[in-house]
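One structure is given here, and the rest of the page talks about it.
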Amino acid sequence: MMSTTLLDELLTEARPIWEAMTAHPFLRELATGRLPRERFDFWVQQDYRFVQDGLRFLALLIARAPDEELRRGLLDAAVAFRNELTIFEDYARQRGLQLEVEPTPVCLGYTSFLLATAATGSLGETLAVLWGAEKAYYDAWSTVRQALGLAEPYARWIENWTSPQFAAWVDWLGAQLVRWSSSAEYPALRRAFLATARYEYLFWDMVYTGTTWPI
Ligand code: MP5
């Protein structure tokens, strides 16, 4: 049985921001059918940019993965990310929504942080960031699913991030983080994970408030 101590420690330390994130008004209003559709559309536009850069992040991580097990698992995830882009594109087509938008400061900050970690951080830090981002979406969308089930117009998104396959991928990623990090690295992992949790909160807040460049 794998040791989950590291994962528990990371989640425990990040609990205040994690709870604020999963209880964010954007998610609460989404889960109760009160979220204005323009707010959701803004999230679609910004998260599309996020997933596009997520693919570049994964490619960097695959290139430096030390063994076949890690490379193959990440490669499967890259295919899933690519298919996810289709959900955004189908939705945007139906709504006549432009997807070629400029990333907001928070979106750009978060994706720059991801890419910088994959390029210059340790393998453990990079896995901590990826596990954090995926676990955050699993937990956030699970709160929506508890309230709404698979309700339209959000069913494909809810299903995407709460399916048993997605849960298994998040668990697998956590196991890889444990496997590829040493206790000497834990302070750095905690910093990387906490920054990820903070960016996750900020991302919901940014799409909820529509915060973009001042000029
Ligand atoms: C994810 C996401 C999950 N789509 N957006 C943010 C802001 N955080 C995490 O990543 P993926 O690649 O969609 O599973």
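Each Cβ is built from the backbone N, Cα and C atoms, and glycine gets one as well.
Where the annotation comes from TrEMBL, it is an automatic prediction and has not been curated.
Not measured: the values here are computed from a predicted model.
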Of D8, D41, D47, D205, residue recorded by TrEMBL at the substrate site of E84, E134: D47
8 Å Cβ shell about D47, E84, E134 centroid, substrate site members excluded: F50, V51, G54, F81, A133, Y137, N160, W161
Other CB atoms, at most 10 A from the CB of E200 (active site, proton donor): 25
Cα distance (Å, whole number) from E84 (substrate binding site) to E200 (active site, proton donor): 19
Arithmetic mean of per-residue pLDDT over the domain 'Thiaminase-2/PQQC' (13-209): 97
Longest CA-CA distance among D47, E84, E134, per record bound to substrate, angstrom: 13
